[in-house]
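Colleague: Input: one structure, supplied below.
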Amino acid sequence: MAETETNPLVVFATVATIIISFVTLYFFKQSAKSSTTSSSSSSSSKSKKGSPALIPDKFQKFPLISKTQVSHNSAIYRFGLPNPTDTLNLPIGQHISIGTIIDGKEVVRSYTPISLGDQQGHFDLLIKTYENGNISRHVAEKQVGDFVEIRGPKGFFTYTPNMKKSLGLIAGGTGIAPMYQIITAIMNNPEDKTKVHLLYANVTENDILLRDELEQYAKEHPDRLKIHHVLNEAPEGWQHLTGFVTPELIDKHLPKPSADTNLLLCGPPPMISAMKKAAVSLGFDKAKPVSKLGDQVFVF
């Protein structure tokens, strides 16, 4: 019987096939391992950063976790987010809405948090309680552990670092809230060179909100922040401004109108109406009925 002769080409092809199979299996395992590691890393990173807690068109419930009285009729309310790493993801200068049902009707009121949008785990609202204020009384009656319904973000103003060389801010009462948020963002960012000038109007000295925090920022950043308090009813020995915010005060203490300046207003309607007229008399653009980003004069 003749001996079968092995074909070298067949042997080579067989060996090559085996080698290719091993190489393919090796790289498949490495790829799977890399993918798993990447997925785990991505998941860990996402968990670490947390998630935005707000939904623009849907009210969600957030628990009240603390209440700090800052004047006879105003308090800072701290609300918890679902997870310790969650954030509001609220652009600087925008606001949220609190809603509830009163006498069968939905009532909604907007507030700007004084905490920044990237604050993790909670957010703070500065709210003044008015006798006829449905939402302010609704919140004031809440106890720690109770929930409020909130949605957002909303608003037409978004602050970005160095968007203008200077900002003139005029605030009355709790109208300081969006101004404080903007000031905090600027002063906490060493890359932001914006100069800020604030005229803050109140009735009495006890009505001044966030005074210590504002003056601490001014002390730490004297070249970037100037604060001018104005009181209708000034006590004896008051070292700041008295009366009402007038065109003369605006002209003296705030930046002049220019392409590199924004004038931001927030306060009671009568005050805002007077400030818009004063701004026009000083050469600023006329404020529009609804302010939009890019307007020289913006009303919150």
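For all residues, glycine too, the Cβ spot is worked out from N, Cα and C.
What Swiss-Prot records for 140-155, 166-198 is FAD binding site, and it gives similarity to another entry as the kind of evidence. Swiss-Prot lists 34-45 with the feature compositional bias 'Low complexity'. Positions annotated as domain 'FAD-binding FR-type' by Swiss-Prot, on the basis of sequence analysis: 57-160. Among the features that Swiss-Prot reports, region 'Disordered' is placed at 34-54. Sequence annotations record features per position, and here Swiss-Prot assigns transmembrane segment to 8-28.
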Colleague: Please work out the helix, strand and coil residue numbers for the domain 'FAD-binding FR-type' (57-160) from the DSSP assignment.
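Modeller: DSSP classes over the domain 'FAD-binding FR-type' (57-160) add up to 7 helix, 48 strand, 49 coil.
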Colleague: Mean pLDDT across the domain 'FAD-binding FR-type' (57-160), rounded to an integer, is what?
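Modeller: Within the domain 'FAD-binding FR-type' (57-160), the model's average pLDDT equals 96.
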Colleague: So for PHE147 (FAD binding site), how many other CB atoms are inside 10 Å of its CB?
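Modeller: PHE147 (FAD binding site) is surrounded by 13 other Cβ atoms within 10 Å.
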Colleague: Counting across all protein chains shown, how many other Cβ atoms sit within 10 Å of the Cβ of ASP192 (FAD binding site)?
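Modeller: Here the count is 16.
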Colleague: Based on Cβ atoms within 10 Å, give me the single least packed residue among the binding-site residues LYS154, PRO178, ALA185.
Modeller: LYS154
Colleague: Return the count of C-beta atoms lying within 10 angstroms of the C-beta of ALA140 (FAD binding site), excluding that atom itself.
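Modeller: The answer is 17.
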Colleague: Under 8 Å between C-beta atoms and at least six apart in sequence, can you list the same-chain neighbours of ALA171 (FAD binding site), or say none if there are none?
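Modeller: Sequence-distant Cβ neighbours: MET179, LEU198, LEU199, TYR200, ALA201, LEU265, CYS266, GLY267.
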